[in-house]
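This report concerns only the one structure given below.
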Amino acid sequence: MLQTLYDYFWWERLWLPVNLTWADLEDRDGRVYAKASDLYITLPLALLFLIIRYFFELYVATPLAALLNIKEKTRLRAPPNAILEHFYLTSGKQPKQSGLSGRQVERWFRRRRNQDRPSLLKKFREASWRFTFYLIAFIAGMAVIVDKPWFYDMKKVWEGYPIQSTIPSQYWYYMIELSFYWSLLFSIASDVKRKDFKEQIIHHVATIILISFSWFANYIRAGTLIMALHDSSDYLLESAKMFNYAGWKNTCNNIFIVFAIVFIITRLVILPFWILHCTLVYPLELYPAFFGYYFFNCMMGVLQLLHIFWAYLILRMAHKFITGKELGGIARPETSGQGSTNRKTQFLRKRQFKVWEEGCPLKKTSSAFNGPTATEQ
């Protein structure tokens, strides 16, 4: 039974165009081809990434946070209470009867929620790690593809397909990218949980499947283009978060605007109109469509839908930045007929300004694209 499933899974018609077999992709004459067994190394590499991340956050991100005056804040812990703890863990709602007054129950739940909220230092360390990887990955990815003819002429992506040998730079680019996304999937439960938790899981799983499948089916040229395209904007978002946590609001906002522009251009223009066109149209000029063709492009469609969803949120935030609506009218003083405001208005302004100072707009609504949420503070 297992052997039958194995044979069917690796049936050539699923992975390769008609009239081609795995024998055509065996190493010969000094030419090396992609093999499924190559990806075994990504799992131990993912564990290595987790170890490197631990030491990076401890010895690099934490001292950097100290230089930027980002510190752990002391939080009052909720006193032990088995009844309230049970309600908190199971339903999240406050019990009607607990032996405490309503005010005491509210105070307990407030402190208990604060215990579970990630600290500013934890969020800064995560953003620092992702920023470092995405920046290095983008530079490395560009070094891998910038001198290749298919970087400038998309039709050359399929020249000679699938009999296309791989080179060491492509191999390591793939292994490192796939290992990193495995590490993100392994650590997602312990990382800062965001409102788009489900979308993040879908994104990581779809990315892992796409990278793996493109290696199996020798879609490596297209795969390197797609990975470099995605890395081109991710490091900008992570750097905006870092400046946000450090309190550099103007820098945070300016970088976010640049990120929004790069994201829209790469994910909503270049990806669908160049890359997807390349993977959808050009292959059909060489061979009939097969299962791998449909599967790869369906997964690309899933990613594109996520990009559209995130782009909507990004544009909504960018609009608030530009129009100043996030400030809630704080910067525009309201004057009465005598040219002064009453004490109540001044008190409300001070209170609003205090809330504003605690985080730039990125903190409030960017959760759906790896950004922190307003309730995380």
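Numbering starts at 1 and runs along the chain as it is shown here.
Glycine is no exception: its Cβ is also placed from the backbone N, Cα and C atoms.
Residues or ranges marked as transmembrane segment by TrEMBL: 45-68 (among others).
If you look up TrEMBL, you'll see 122-323 marked as domain 'TLC'.
Annotated transmembrane segment per TrEMBL: 131-151 (among others), in sequence order.
According to TrEMBL, the transmembrane segment annotation covers 201-220 (among others).
Note on the transmembrane segment (255-282): residues 154-155, 157-158, 219, 222, 225-226, 229-230, 232-233, 236-237, 239-240, 243, 296-297, 300, 304, 307-308, 310-311, 314-315, 317-318, 321, 361-362, 366 of its chain, located 6 or more positions outside it, place their CB under 8 angstroms from a CB of the stretch. Marked as transmembrane segment by TrEMBL: 255-282 (among others).
According to TrEMBL, the transmembrane segment annotation covers 294-315 (among others). Panel annotation: around the transmembrane segment (294-315), residues 199, 202-203, 206-207, 209-210, 213-214, 217, 219, 226, 259-260, 263-264, 267-268, 271-272, 275-276, 279-280, 365-366, 368-369 of the same chain, lying at least six beyond its termini, place a Cβ under 8 Å from a Cβ of the stretch.
Beyond the transmembrane segment (201-220), the same-chain residues lying 6 or more positions past its ends with a Cβ under 8 Å from any Cβ of the stretch are 15-16, 25, 33-34, 36, 38-39, 161-162, 164, 166, 170, 174, 177-178, 181-182, 184-185, 188, 226-227, 279, 292, 295-296, 299-300, 302-303, 306.
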